[in-house]
Amino acid sequence: MERKRWECPALPQGWEREEVPRRSGLSAGHRDVFYYSPSGKKFRSKPQLARYLGGSMDLSTFDFRTGKMLMSKMNKSRQRVRYDSSNQVKGKPDLNTALPVRQTASIFKQPVTKITNHPSNKVKSDPQKAVDQPRQLFWEKKLSGLNAFDIAEELVKTMDLPKGLQGVGPGCTDETLLSAIASALHTSTMPITGQLSAAVEKNPGVWLNTTQPLCKAFMVTDEDIRKQEELVQQVRKRLEEALMADMLAHVEELARDGEAPLDKACAEDDDEEDEEEEEEEPDPDPEMEHV
């Protein structure tokens, strides 16, 4: 096997580099690189070389395969050192807006008085405040086609929306509108007014108000409130009747289950009372019987 050694100029004087080609196997043609110290010690990897040299030489930019120093890494290292030195002079900016606490030996925290030339300045936005994640336009359309089932695995009939509620946007159906309004009621704290801008019908992608559901602007009248109150009263009445019927059925079931044990207990009590009366009855006087 052919072995050749060359002096490595990137390492201290006396170090040699050797390349050994592989003759067989899947990695035939691949060359293994070894380094030899002036004393003849063999090194097979860069970590071994770094451990042997220690702090006498910086091998962070040394390429073990080629035996050369990489200039690109050397430039980056120099820039990093220059940047660190400049940062030490200028100092790092303090992004914390909280008032500092005086470092004293007292067990109580003593705040530092803040003095400013512009006391009227106020922070318009707080970056630490949680911000709602952005959503896609017409994201409510993802809710279309979803159905609800009751405990008996039967399809729940969807409710009918009032005639005053009309959808807006491309492909907005009644199901999409119902899902959008229900989602807005549960996730938004703002009043639901619909899309107030008339230009939204011409170009919904530009003039759409993302804080409102996909419906046109609507007004709630006194007649709508009265109808809603009537519906609520009807639902409450049906609920009351259902609860009353369930309670009566429960009472009848308890009475039916308790009739047989109750009759048996009453019969046992009567037998005990008869036995006690027979025991308490006095014996007849023999003189009275003779008379």
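The backbone N, Cα and C atoms fix where each Cβ goes, and this holds for glycine too.
Keep in mind the model is a prediction, meaning the values are calculated, not measured.
In summary, of the candidate residues SER24, SER45, SER56, SER72, the record from Swiss-Prot lists phosphoserine for SER56, whereas the others have no such entry there. Among LYS41, LYS76, LYS90, LYS227, the residue that Swiss-Prot annotates as SUMO2 cross-link is LYS90. According to Swiss-Prot, the feature coiled coil maps to residues 216-245, out of the candidate ranges 156-185, 216-245. For the modified residues SER56, SER144, the ranking by surrounding Cβ atoms (within 10 Å, all protein chains) places SER144 first. In this structure the C-alpha atoms belonging to SER144 (phosphoserine) and SER56 (phosphoserine) are separated by 70 Å. DSSP assigns SER56 (phosphoserine) to a helix in the three-state reduction.
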